[in-house]
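**Q** Let me give you the structure first, and then I'll get to my questions.
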Amino acid sequence: MSKGSSTKKWLHEHTSDYYVIQANKLGYRSRASFKILEIQDKYQLFKPNMFVVDLGAAPGGWSEQVIKYIGKNGKLIALDLLEMAPIAGVEFIQGDFSSDETYQKLNTLVNNQKIDCVISDMAPNLSGNKTSDQAKSIYLLELALDFANTNLNKNGSFVAKVFQGQGSDEYLKLVRESFNKVIQFKPKSSRAKSREFYVIATEFKG
């Protein structure tokens, strides 16, 4: 299949996708909003006054939902390499999470406060090389877990998108070392063909 044909196929599937249509109808920033809503409905992670950090936040599908749960007295920091239009109550950092400069900016905003929940929908820019792309994905996941391990409150929680493949089982073992409860969850709003699932980790051991 030519690149042009595959692009047309993706566009057709995207524009006819139920969750894309619903997101547009409801004014959500992306279909990803439904994933975090499903996670919240099932696991009740977000509560008023919580401090949450959203990694890989753009275009804001997760942040716009989470801020509703944590309320005006909660704190939400969102970070992404791409631009994100402002969301009331959300502090945004644009930068590469893997860079020291961006990591320092995030730490400055965190200001030694303990975080209640770290959520990550990060994914690398795909090159088409599955082995390389998977390795980059695992690297970002490890960075997110390291950040959570350093900054979470005891009994805090961690949510991250994982692509099933080389290194994913080993990654789950690392998560289990830090949390008492670790669950693999594939939302209904995840595309059926996608290898993605979400790790829901609660009761951080501290």
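Every residue gets a Cβ built from N, Cα and C, even glycine.
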**Q** Among ASP41, ASP80, indicate the single residue that Swiss-Prot lists for the S-adenosyl-L-methionine site containing GLY60, TRP62, ASP96, ASP121.
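**A** So, going by the record in Swiss-Prot, that would be ASP80.
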**Q** Given the binding-site residues ASP80, ASP96, ASP121, which lie within 10 A of LYS161 (active site, proton acceptor) by CA-CA distance?
**A** ASP121
**Q** Neighbour count, 10 Å Cβ-Cβ cut-off, for TRP62 (S-adenosyl-L-methionine binding site): what number do you get?
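**A** Cβ-Cβ neighbours of TRP62 (S-adenosyl-L-methionine binding site) within 10 Å number 28.
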**Q** Sorted by position, what residues of the same chain at least six away from ASP121 (S-adenosyl-L-methionine binding site) have a C-beta under 8 A from it?
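**A** Set apart from ASP121 (S-adenosyl-L-methionine binding site) by at least 6 residues yet with Cβ under 8 Å, we have ALA32, LYS35, ASP54, LEU55, GLY56, ALA57, TRP62, ALA160, LYS161.
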**Q** Can you tell me how many other Cβ atoms are located within 10 Å of the Cβ belonging to ASP96 (S-adenosyl-L-methionine binding site)?
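**A** By my count, 12.
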